[in-house]
């Protein structure tokens, strides 16, 4: 996705070989117009998937998911990282280890909002080690729902998250794919259509 | 806002005299079309405010804020409830007590994304005791920015949050205002324009 790639180049900050900071348009400050374009792109890539629901993870997955949900005309459910007093019903849960935060957390979705009749598009901001994606897929499985695929804003292809998912036959659509962050430089995976 | 009021009536669940659960369209599952309508309504109410930035709080404030930011053509910044490894720069912080979660938390915004030249519209999902709103205003003040006003999706008018803000001369625009949740019933504040 050209406009996103350009944004990553101009506004992304390489913090280390592993970490790309995109706090100025995705993870802390959000660019609403870019989110709309991202939503349109995900909707285009998954429009034939029969999607009935989008599942994401708070907080950075919410903006791109809501824009995608608007285009596909389906609700968005965001998994919570901590229980809240108003989230009382039966929960579908998974454990997710965050390498960025260096901690394990439990993510939860109320079973009220995900059922066996759903076809679920999982969306997240980053795909790195695949922990969050696997957690979300585990929740989809617990609900007995069907997985339409995974939409990722930025894939760090040099980490091991994406390949095992694609090898399982899961449709993983990443809007930009980063090959390397070595020496403070952002190198993208070369793709025919970008 | 008529469509929102109807949604609160059909989908809101009164958990106690104090707590209204709107997990099916705002706090856990999100209705993207309703969020778009909410964004349009906030944009209409604040279009003459010279807004340059929207400030909200993760996670439930993000969806209505991004839709408002799209209409007003301004970026959205969401305050984080916990530090993340990629949020390293100078932080503007405030303490917020959540009566729902019964805990005090620190909220933080990077000073990179809020400056003295900004005119800030604060948006949040609920206004009850006003803790979150006051925390966000405190962050706006620390940045030396100007406050355009506060946009609230659901105001619980029987709690003491809104009045002191309005008495200070702050423009508080709540899309629905709830007078009481007693006896499991949702009673709205009667308003000329609703």
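Just so it is clear, glycine is given a Cβ too, placed from its N, Cα and C backbone atoms.
Among A:106, A:146, A:156, only A:156 appears in TrEMBL as part of the xanthine site alongside A:20, A:27. For residue A:128 (5-phospho-alpha-D-ribose 1-diphosphate binding site), the count of additional Cβ atoms within 10 Å of its Cβ stands at 25 [all protein chains shown].
Between the C-alpha atoms of residue A:27 (xanthine binding site) and residue A:128 (5-phospho-alpha-D-ribose 1-diphosphate binding site), the distance comes to 15 Å. Chain B comes close to A:27, taken from the binding-site residues A:27, A:128, A:129, A:130, A:132, A:156 by a C-beta to C-beta distance under 8 angstroms. Each residue contributes its Cα atom, and for residue A:129 (5-phospho-alpha-D-ribose 1-diphosphate binding site) and residue A:156 (xanthine binding site) those atoms are 8 Å apart. Cα distances from residue A:156 (xanthine binding site) to the binding-site residues A:128, A:130, A:131, A:132 are smallest for A:128.
The binding-site residues in question are A:27, A:129, and the one with the fewest Cβ neighbours inside 10 Å is A:129.
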